[in-house]
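Read through the structure below, which is laid out as structure tokens, and then see the notes.
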Amino acid sequence: HDNPALDAARRSAARVYPVFVLDPRYLRPDPAAPSPGSARAGVARVRFLLESLRDLDARLRRLGSRLLVLRARDDVSDAVCAALKDWNIGKLCFESDTEPYALARDKRVTDFAAASGIEVFSPVSHTLFDPAEIIEKNGGRPPLTYQSFVATAGEPPKPVMEKYSELPPIGDTGGYELLPVPKLEELGYGDLSQEYIPPFRGGETEALKRMRESLQDKEWVAKFEKPKGDPSAFLKPATTVLSPYLKFGCLSARYFYHCIQDVYRSTKTHTKPPVSLAGQLLWRDFFYTVSFGTPNFHQMEGNKICKQIPWRENGELFVAWRDGRTGYPWIDAIMIQLRKWGWMHHLARHSVACFLTRGDLQGRDVFERLLIDSDWAINNGNWLWLSCSSFFYQYHRIYSPISFGKKYDPNGDYIRHFIPVLKDMPKEYIYEPWTAPLSVQEKARCIVGKDYPKPVVDHEAASKECRKRMEEAYASNRLGGNPVKGNSSNSSRRKFSDGGQDVPDSSMSKQPRKRS
């Protein structure tokens, strides 16, 4: 659905080759990675991709075609260029991508196509709008506020929803080895425990089903208001969980947007952007546009919209955060859900990003690797936002890693599910188990410091110190100074935070201090 590249291919050719190339950059297993998967993708995202490919193949077969899966030895562009030459292709159709890695990859392919006399059609259909057009309309600069983006963008184009019952047949593939969509084990991941199987299945079929089920509840759609929602809801998440389907192209953002508009037209009132459901799709495009028009968007140095902040390094604290061993159950449960499921509620993401000072690229990298909906533009944009490095600057507004989760889930059911060692801890202590008397810990069969870690930071002290350092960094930026002092933006700068209050759509974190 809404695939103008495929639609153009089927209209203009007697033979169509639907190709997907397995990219070792994302799929090659890495035994040194901190959790199962490759260096750049956790196993949950790899599994979601493979499920999506199997569904795509099944849908293509119903149209008399099939998915041609190729395996790149090293560079995807080399595999595509070889197929273009060997199969004597006359026209190449693919959806454009704005991520720097994809731009460089696609340029190698299109340069080869141009030199070979191959026609190229690369429409914008992964987003609501063409980021280049938005930037041009805005005077050559990306809009840096949501409001200016929405005002510039206007209404998105309608999706391409042509109905057809068959595709042209596949042409001669010569001596190419056409692979079935591989299983995880066939990629070299080996046997994985059940705990690494998320409750979300990939594919267009599942995407459309999930979208229709979400939109059936018209009252819920009309009243949807981010950032409201229960971040502790895991058996039945409090959001659509459609972001991974948008990321992988299983669901068209334009189709989703126009389906939401159909619901709005059938209701008397509904929420508006930026908090509405349609508003979330506009947020997605906002980050895509800013990232496309901002050099070095993924780092601090050389990024003109990013404040230069001297993030403090502490590898031990960072690993504790990454692995869900901070000693703060709300934070640890979220990070464990991320590692096992590849997903967590947006307010849960805010909580853990607030606990680790955002702006730190190591934190960004963890999310980028583990999230099944990992998206270069959105992930970098949110870390810039939540670190108060760009877009949002109220660094004194902070999520509490204790009281924030408690107000949604006072019994701690979410924590008990993802941290079984705490399942018998009384609810009075479930968010602060270190405060439980030893007799209570013994009865719960969970001794803090032995069965579950002690807190890695003193929150009150860490929070106070962080706010002080952020204030100093902001003052230095205002005076035109550079507090980074030569540190590379790719170094592991990290710090921990504490909380006092939750914030509407973002927050900030604090400097780490080990407990004395």
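Cβ from N, Cα, C; glycine included.
Per TrEMBL, the features are as follows:
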BINDING   239-243, 280-287, 373-375  FAD binding site
DOMAIN    1-128  domain 'Photolyase/cryptochrome alpha/beta'
REGION    477-516  region 'Disordered'
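The number of other Cβ atoms within 10 Å of the Cβ belonging to Thr239 (FAD binding site), over all protein chains shown, comes to 19. Between the listed binding-site residues, namely Val241, Leu281, the fewest other CB atoms within 10 angstroms of a CB are found at Val241. The 10 Å shell around the Cβ of Ser374 (FAD binding site) contains 20 further Cβ atoms across the protein chains shown. Applying an 8 A CB threshold to same-chain residues 6+ apart, the list for Trp283 (FAD binding site) reads Tyr146, Pro274. Summed and averaged per residue, pLDDT over the domain 'Photolyase/cryptochrome alpha/beta' (1-128) gives 96.
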